[in-house]
Amino acid sequence: MERIYLLLLLFLPRIRSYDVRSVTTSWGMVRGEVVSPEGDDLPPVAQYLGIPYGVAPTGQYRFNMAISAAKWTHMPKDARKVSPVCIQTDMPELSETKAFKHTSAQRFDFNHRLLPHLKKQSEDCLYMNIYVPERLEISRDNYLPVMVIVHGEEYGWGTGNAFNGTTLAAYGHIIVVTLNYRLGVFGFLGRCESSSCSGNSGISDLVSALTMLNVILPSFGGDSKSVTLAGWGSGASLVSLLMASPLTQPGRRLFRRAILLDGSALSPWAISQNPQQYFMQLAEELACAPKNRTSSFNDNVDTIVRCMQVHSSENITKAVLKIDVPTFLSGFAPIVDGQLIPNKPQVSFSTQYGSLFREIDLLVGISSNPSHHMISNEDLKVGISKEKRMRIFRSLVRNLYDFHREEILASIINEYTDWENPRDHPKSIRNGVLNALSDVLYTAPLIETLRSHSADEVRKEANTFMFAFAHETRSWSQEQPNSGIRGSLSGDIVPYIFGYPLAQGDSEERLYSGFNTDDKGISKVMMHYVSNFVKSGDPSKPNPMSKNFPMGDVFHSTAWPQFDQPNREAYLEITDRPRVKNYYRNAQVGFWNNFIPQLHKNGKETEPVGEEHHLLSDHFRKDSYFGKTRHFSSYANLPFPPPPMPPSPPPELTTKPKPSESPTTLQTTTESEKAAAGSFTGKALGGVIFIGCGFLIMNVCLLIAVRREWGKKRRNEKKFQLQYQTYNSNHGGGAEQYNSLNSPEPLLSASHKNSTSMRPAGISPTCPRHGRAALALQNSRGNSLTAAQAPTLEEIQV
């Protein structure tokens, strides 16, 4: 027994020297471990799990902005276990019977696989995981680019711990970082006072993590100047918001590139439309505000927040479940606060104000059916009736629009009806509903994001690429071969980017499983393109596609152009037969981005009509809707006018001129963008211009009047001065004696001022009659009169 123990002691240091890796950073030393990725003889990867980047947001720090983590220089940090996940406030239904009434079988299966990763929850959850491929040596010349993953699905649940970055790091030869950030009410408790809003603490977590990474990445062999931020679903929305956030540019940008998968801040669900309503409802449920309030706004916001900070996380989570959020919208989500989110995304992404947004390299990926998880499993199998389609579309119109609802509803039904199949088969109707929800909630906003980023009005150095992921994972599909649903489903892109199909065998414990040989080839293609983009901002560079695997030969010969007007909005369709196509779902995108906004805009600008004109038929019948509807109110989509945009960097620092294009290529600003920007600035700008012009006219008139009075006074002064000079020269008065208009008028001759006898008449030149008579008499006498001979006042008066 002693020999065995001695042998273990002998070999243990050798094993640990291979398994353990220590890295010294400015925050302190961290100890991770080396693991071998599954499949294809990939190099080992050192993983450092559970590295803190923020102070535990509890007590007085709850609901507030993130604070950087304290340093641990006194002792090494053990980084071999993942941290607890953040509090999950809006978990999906886990009962199969109930879940299948609201979601697909594929999403239900994924939720169950994710559940084990969500069991250990805590508010102390601001941690990240770093995956570094092993190399022989590290120097400044071979620092690795970095990809930071922002997990998605929804704002209320999820974790970065569940996604293993070892395969992607080893295959792509990049550093992969996953992290946790506050979710739901803990990360997005929006509240508004009389003139400002706050509540984007979850986004501040991401900024805090990026700030720390920019400092410590060189210690891990990472390039802090080559960071890519990637996200899907709600995570993609957060990434796009950070692209336009001034807080990501303290000195230089905290990240250089971005990847958006099935999500954008332009989606209707991306921004909370009425945060104060949810804030006050939560305050009532927690007894932090009276229930008999008459207004959604309260001057004691700080007092209410302090009351909420005292409650336990369990109480808050239970209270959130009692708050109804309209279907297709988000309750506790990012808000426009003027700091992290300076303005509405439609404005921040525009060509006029989007200089920060447009200087980031962008790669966008869209699945074939991004709203697949929003259709119930039964409806996906057998189809949807016309009556249910009407309820779904009525809820969509009521929750997303305020004006001309009947006209918008009729337009949507007309657009997504298969007129070539007049029988209205339930599966045909299902396909129309699936396409409509995918287009309005995902596809159209993403295309609008791409167009704003690639607009040619002010050409920039950043690249813009798009791919449509159409590969089908056949083993996941529960549909029959003739179901009519083709292509990828919501969430399908993620496992292919992380390299899950390369794992050997299937396991129920894995987050994803059930892949075949074709799936493995597509996964290699996706990891190659993504790692290339992380390195250079171009999916095709710097490394060409390898031909050493079945799919590689096909993709090697396929060029991938940029998404812009000169290339006719080109994108790469990723299937086993890749093709470059143009104008992705252009007719449907035009319907949602141009026609519907114009129809809705006319309702705002036309003559006032009765409010009932904009209501749907049977507007208040609850059974005529699907899910939860927005309450009847006239509130605007933003509680207050957003603050003005911060100053943009000088154009010459962020953009470069481009040779002139034809007028058709320069026309990239869509009507929806103009409507969004116009609706925001039109009335306010018009009022400012009107008032400014009024003040300008008043000032000009006042200036003219003052100028005229001053000129008149000057002319009189000159006239008086001339008359005084003539008078003094004729009567012996020196100019030095009477050269001031402020002196008393001279009535007596200065030479006789001490005489008591009758003096010569001193005629004031200001006398219109006597002054002229005196001058005429003087001229007739040849100017030879002495003082004694001068005419008396009586002589002149006769």
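From the backbone N, Cα and C atoms, a Cβ is placed for every residue, glycine too.
Since this is a predicted model, take the numbers as computed values, not measurements.
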Pick from Asn315, Asn754: which one does Swiss-Prot list as N-linked glycosylation site? Asn315
Cysteine of Cys86, Cys192 paired with Cys125 via disulfide, per Swiss-Prot: Cys86
In Swiss-Prot, Cys307 is paired in a disulfide bond with which of Cys197, Cys288? Cys288
Cβ-Cβ distance under 8 Å to Asn315 (N-linked glycosylation site), same chain, at least six residues away: Leu286
Most Cβ neighbours inside 10 Å, all chains, among the disulfide-bonded residues Cys86, Cys288, Cys307: Cys86
Least crowded of the glycosylation sites Asn164, Asn292, counting other Cβ atoms within 10 Å of each Cβ, is Asn292
Given a separation of at least six residues and a C-beta threshold under 8 Å, show me what packs close to Cys125 (disulfide bond) in the same chain. Ser83, Pro84, Val85, Cys86, Ile87, Asn180, Arg182
